[in-house]
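Undergrad: I have a structure here, written as structure tokens, and I will follow up with some questions on it.
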Amino acid sequence: MASTVVAVGLTIAAAGFAGRYVLQAMKHMEPQVKQVFQSLPKSAFSGGYYRGGFEPKMTKREAALILGVSPTANKGKIRDAHRRIMLLNHPDKGGSPYIAAKINEAKDLLEGQAKK
């Protein structure tokens, strides 16, 4: 029993010393870490998604952005993009019904204007 208490005490002390060492090492590394973060391009953190909501009336450009295709894409590409996105965001599998409606609206708009 006494040896267990001593072992636990030594383990806690070792963890404390290790934590103290890590904190001191971090203080010395702080300028280097700041320099690395400043040298990274700003676009790395800006996100690769469209910043903005939906237009009240969907445009051809917005529909193309939603499906991730060119505004002049043919029906085959539009259908493939629609299928891929709906598999990821179907309401029956936890996706948003609103987003699914917008995806369907985008497909309908682009297919109405697309070539066969």
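From the backbone N, Cα and C atoms, a Cβ is placed for every residue, glycine too.
Pasting the feature list from Swiss-Prot:
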- 62-116: domain 'J' (DOMAIN)
- A2: N-acetylalanine (MOD_RES)
- S39: phosphoserine (MOD_RES)
- S70: phosphoserine (MOD_RES)
- 25-116: topological domain 'Mitochondrial matrix' (TOPO_DOM)
- 4-24: transmembrane segment (TRANSMEM)
Undergrad: Using C-alpha atoms only, work out the spacing between S39 (phosphoserine) and S70 (phosphoserine) and round it to an integer in Å.
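TA: If we compare the Cα positions of S39 (phosphoserine) and S70 (phosphoserine), the gap is 34 Å.
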Undergrad: Looking only at the topological domain 'Mitochondrial matrix' (25-116), how are its residues distributed among DSSP helix, strand and coil?
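TA: Here the numbers are 61 helix, 0 strand, 31 coil.
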Undergrad: Taking each of the modified residues S39, S70 in turn and counting other Cβ atoms within 10 Å of its Cβ, which one has the fewest?
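TA: So among S39, S70, the modified residues given, the one with the fewest Cβ atoms within 10 Å is S39.
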Undergrad: Reported as an integer number of Å, what is the Cα distance between A2 (N-acetylalanine) and S70 (phosphoserine)?
TA: 74
Undergrad: Is it possible to get the count of other C-beta atoms within 10 angstroms of the C-beta of A2 (N-acetylalanine)?
TA: 6
